[in-house]
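Chemist: I have a structure here, written as structure tokens, and I will follow up with some questions on it.
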Amino acid sequence: MSQIHKHPIPTAIAEHALINPEQYHQYYQQSVQNPDEFWGEHGKIIDWIKPYKTVKNTSFDPGHVSIRWFEDGTLNLAANCLDRHLAERGDQTAIIWEGDDPNQSKTVTYKQLHHDVCQFANVLKKLGIKKGDVVAIYMPMVPEAAVAMLACARIGAVHSVIFGGFSPDAVAGRIIDSNSKLVITADEGIRAGRAIPLKKNVDEALKNPAITSIKNVVVFQRTGNASYWKDGRDVWWHDLIKDASVDCPPEEMNAEDPLFILYTSGSTGKPKGVLHTTGGYLVYAALTFKYVFDYHPGDIYWCTADVGWVTGHSYLLYGPLACGAITLMFEGVPNYPGVNRLGQVIDKHQVNILYTAPTAIRALMAEGDKAIEGTKRTSLRIMGSVGEPINPEAWEWYYNKIGNSKCPIVDTWWQTETGGFMITPLPGATELKAGSATRPFFGVQPALVDNLGNPQEGAAEGNLVITDSWPGQARTLFGDHERFEQTYFSTFKGMYFSGDGARRDEDGYYWITGRVDDVLNVSGHRLGTAEIESALVSHPKIAEAAVVGVPHNIKGQAIYAYITLNHGEEPTPELYTEVRNWVRKEIGPIATPDILHWTDSLPKTRSGKIMRRILRKIAAGDTSNLGDTSTLADPGVVDKLLEEKQSMQAPS
């Protein structure tokens, strides 16, 4: 790969940073050598009703996996995100809402949000929702989604947020698995100018005869287009809050009481309901938010994630609100109505901290300077990346173009199951390398092991595991602790297995190489797909690439690359040869793609992740069972790829 140089900590950042390099090392050493002392102190970042005496009580032992933090303490999450800020910053903005339509935006203060949450919490009680009941939330990106989540937390109900892009079948499956008692939705959502039929999807989902627990559907009016209405079951949000009291004392919750279930796709079988509890999760979300984004009071923070993903839970809502931050919620997409929308939103709201995904960055990068046309983005101080490894070229483009070459990028590695950041730079403490997640956060003990579980010391590559618990860790899979142990703790005994591979360089920095099932073995050489993709995307004519392995009778696996070119570029035989030589030059002959498949679009989930499972099957010609495609943003892409594959005559 291209020569990696370090980006030093900018002086302007170092002067005001919350954590400097010395503090990072000191805190980190304390956090791994004496976790009780470290977390005992830092657990105080939030307010406790009954303070904890026990800090950590955890085991990764086979057959006895048990994770408990602050287990004798009590608290309420909503009180931490709202009530405790009222005296000092009740009139400060809590949420800036930017609509899909650039002419629509509004602000919600902490006082207003508190009022709305208390009111809606009383609505939930009136509908028969009790502490411990599960509430399904299938909402667009509007402040009311946050109100619904916080209202659940206020009364001790468990929320299960379902991303607004999921199909009726996916919604039904999640309602059944979690035994939800209520659904909260909207008539429609709006995204990139198009209406999303949320209520219609819920109606469809509830036709499933296995759903018997739902008595009511609360409907928020977003567009005014609700087609079907079932009297007695469906109730309007605005009607319910009319006479609801605004007085709702927060429920006292044990630290280990469930807070939310969030479904994540497994590599096999049905989605897994990842369960997070209240105390450890909020401590971890708040602490990671504060230090990783170097958040200072008054900063305007924008996380582009949907509330339906863990990033939306931890870093759009709970982490920021627990810290009394100003958080921007965006209904739209970064390239609508124009490709410079991201920059326009930054300028309009004077955003200081931006947190987005490589898939968005690459989409803008393909547009070149059009993506920043007419925008200044000078308010930005810190930028972040989440969702998948960011290739160095996209990192540099993001750094130079969006951030005007002055904003540190926090490239965060974490998962739904981890609750918060695991490996990440800290702006005032970490020199950066493009494409590296750098070093572990406090209390996180990563290790690299070979396939037999032997630790790899020094600069090495291997399976990424975590050797001890941290407060934000998921406690179980809802209703299936056996699957929890099987999935995360059975591959390498006594360790949490992330499912990702990584390499550690001579500076101790971690580089995520992609899912372990995305590792190619070509003639006995291990190659991470992320590395080959980075090489491809560094070619000036390539916008996006996805690499998979296909069976090869001599090499074991051949390298099959799906490639999307920048606008205005056309595939030619010359370019085919040029691209193969380019990768050979960047990585070496062993990494040269055997087959290039030109395509306009890749199959992505609605959170922007490329569905490699489908790409592997298409590449191998195994199209009999492509599995569940309901989570794809555009299921039509699959047929298009199959047609392209049929008509392809790969040059020999």
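Going from the start of the chain as shown, residues are counted 1 onward.
Any Cβ shown, glycine's included, is placed from N, Cα and C.
I grabbed these lines from Swiss-Prot:
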- Arg191, Ala192, Gly193, Arg194, Thr311, Asn335, Ser523, Arg584: CoA binding site (BINDING)
- Gly387, Glu388, Pro389, Asp411, Thr412, Trp413, Trp414, Gln415, Thr416, Asp500, Arg515, Arg526: ATP binding site (BINDING)
- Val537, His539, Ile542: Mg(2+) binding site (BINDING)
- Lys609: N6-acetyllysine (MOD_RES)
Chemist: Work through the recorded positions one by one (Arg191, Ala192, Val537, Ile542, Lys609) and name whichever has its CA nearest to the CA of Thr412 (ATP binding site).
Modeler: Lys609
Chemist: At the level of the C-alpha atoms, what whole-angstrom distance separates Gly193 (CoA binding site) and Val537 (Mg(2+) binding site)?
Modeler: 30
Chemist: Can you tell which of the binding-site residues Arg191, Ala192, Ile542, Arg584 lies nearest to Thr416 (ATP binding site) in space, using Cα positions?
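Modeler: Going through Arg191, Ala192, Ile542, Arg584 one by one, the Cα closest to that of Thr416 (ATP binding site) is Arg191.
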Chemist: Using the alpha carbons only, what distance in Å do you get between Pro389 (ATP binding site) and Lys609 (N6-acetyllysine) once rounded?
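Modeler: A Cα-Cα distance of 11 Å.
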Chemist: Sequence gap of 6 or more, Cβ distance under 8 Å: name the residues on the same chain that satisfy this around Lys609 (N6-acetyllysine), in order along the sequence.
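Modeler: Counting only residues 6 or more apart in sequence, the Cβ neighbours of Lys609 (N6-acetyllysine) under 8 Å are Thr359, Gly387, Glu388.
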Chemist: List, in sequence order, the residues of the same chain other than Val537, His539, Ile542 whose Cβ lies within 8 Å of the centroid of the Cβ atoms of the recorded Mg(2+) site.
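Modeler: Leaving out the recorded residues gives Glu393, Ala535, Leu536, Ser538, Pro540, Lys541, Ala543, Glu544, Ala545, Ile563, Val579, Trp582.
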Chemist: Across all protein chains in the structure, which of the binding-site residues Gly193, Gly387, Pro389 has the highest Cβ count within 10 Å?
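Modeler: Sorting the candidates by Cβ neighbours within 10 Å, the top entry is Pro389.
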Chemist: Going by a 10 angstroms cut-off between Cβ atoms, which of the binding-site residues Thr311, Thr412, Thr416 has the sparsest surroundings?
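Modeler: Result for the binding-site residues Thr311, Thr412, Thr416: minimum number of other Cβ atoms within 10 Å at Thr416.
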Chemist: For the binding-site residues listed here (Ala192, Arg194, Val537, Ile542, Arg584), which one has the lowest count of neighbouring CB atoms within 10 Å of its own CB?
Modeler: Arg194
